[in-house]
Amino acid sequence: MVLFHSQASCCKRVKADAIVLPFWQVQDKVRCAASIVEEYEPLYQVALENFAGKTGEAELIYSYGQGKEKRILLLGLGKNEELSSQDVLEAYAKATRILRKAKCTTVNIVLPVISELRISAEDFLSNLTSGILSLNYNYPKYTKECQSSEPLLTKVTVLGIVPKIADRIFRKEESIFEGVYLTRDLVNGNADEVTPQKLANIAKGLAKEFPSVDAKILNKDAILKEKMGLLAAVAKGSAVDPCFIVLSYQGKPKSKDHTVLIGKGVTFDSGGLDLKPGKAMLTMKEDMAGAATALGILSGVAALELPVNVTAIIPATENAIDGASYKMGDVYIGMSGLSVEIGSTDAEGRLILADAITYALKYCKPTRIIDFATLTGAMVVSLGESVAGFFSNNDVLAQDLSEASAETGEALWRLPLVEKYDKALQSDIADMKNIGSNRAGAITAALFLRRFLEDQPVAWAHLDIAGTAYREKDEDPYPKYASGFGVRCLIYYIEKFLSK
């Protein structure tokens, strides 16, 4: 994907469908933040009568043939002294939404005067690029026409920046968003198409694309041989075989530092015998968003050739129903040897993650484990669609993730591992139950996973992305449906804190 181009001079720009001009809000007035594109000044001066320049405010007007573009988009950036990176991202995401609705495919963007910016030019450009890329995406529709009524942007030329500086940022963000789009495509895809085997094939494809990536796929027989009794139990009711995916990237082979990403890969969740209501099942193709996130992150890390070692582990299965489905009240033994009494077959995600954690500890020698899962409805109730809750046994890891969250705008909120709630997982007939009481569900789910670390000195974080992975409405800077949430944040974390 090469969408972005750059040019130092506005005067020599090529023709385009639209030009985007930035504006500052200065007390009660509005001022163009860029070096004036003179031919358009009379036109936009008229439009400024009803334009305040607030952050994200936008107005699209016609140029009436007076320049090289057919339309002019006035884009408010608010007050310069208050400008944040997230403001930039959201403003240009909104601009993208407006331009696509107007069927503009080629766009010239004039940067503000660099010396006036409160944030660095690199930061501004990076977030501008991310904002545009985030909404330059189409949900894979299954209509007869198979075409979106809003065409994608095909060429974006950023004016007022030295190409040598800009192009490096563009290529980096484009590589990251290849991972975001991969995540979105997998989450948005039909559950009958995005099966465990499909996820395995995606992993194999990444191994072919990147020389430093290797894929290992365990089939049903290999899963049983490894005594992954929890993953095997969840898979019992499905006509589709499970698989266990191990995708390894070696960017620094001599280093012992090793990050393991674990993604919940339930490709469709009926709830099992503890059947979900029909309405709750409508979006359950998204229950493999953790797996898709792990694949998207590893894709981005490999594309950027970061000097780190990262392994993505994906336990993949459906949670379906037939006469062989695993049953409530029964006890199953995981790869760790720990036994679990099934209090609900709809608490299946933590079961397959438990076997994945055990596998990582046995074979991968991880420095840290970070898991991603659409795990609990309790998290959606607590934090909604805009914030993902996370838990960690390590303050340094938690702080670094929080900083990455703040820098990328993908909001994470650390929640406590309340020790006394662990008692809710006690069982009279097994080492533990897979559900606690009807309270603090997100916390008890995290405490369940922590048990499988078995006191090993491994930093661990659990991200419950149940609310953020799939959105019911458009809200800048995310499209409706799959968001790709977490990919940018974790790539930033890996690059900043681990690429040393």
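Using the three backbone atoms N, Cα and C, a Cβ is placed for every residue, glycine included.
Source: prediction; values computed, not measured.
What Swiss-Prot lists as Mn(2+) 2 binding site is LYS264, ASP269, ASP287, GLU348, and the listing cites sequence analysis. Swiss-Prot lists ASP269, ASP346, GLU348 with the feature Mn(2+) 1 binding site. Feature annotation from Swiss-Prot assigns active site to LYS276, ARG350.
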Just checking: which of ASP269, ASP346, ARG350 have a Cα that is within 10 Å of the Cα of LYS276 (active site), counting only these recorded positions?
ASP269, ASP346
Please identify, from the recorded positions LYS264, LYS276, ARG350, the residue with the sparsest Cβ neighbourhood, meaning fewest other Cβ atoms within 10 angstroms.
LYS276
Integer Å distance between the CA atoms belonging to ASP346 (Mn(2+) 1 binding site) and ASP269 (Mn(2+) 2 binding site):
8
Between the Cα atoms of ASP287 (Mn(2+) 2 binding site) and ARG350 (active site), what distance do you get, rounded to the nearest Å?
12
Work out how many Å separate ARG350 (active site) and LYS264 (Mn(2+) 2 binding site) at their Cα atoms, rounded off.
8
Cα-Cα distance linking LYS264 (Mn(2+) 2 binding site) and ASP346 (Mn(2+) 1 binding site), given in Å to the nearest integer:
14
Fewest other C-beta atoms within 10 angstroms of its own C-beta: which of the binding-site residues ASP269, ASP287, ASP346, GLU348 fits that?
ASP346
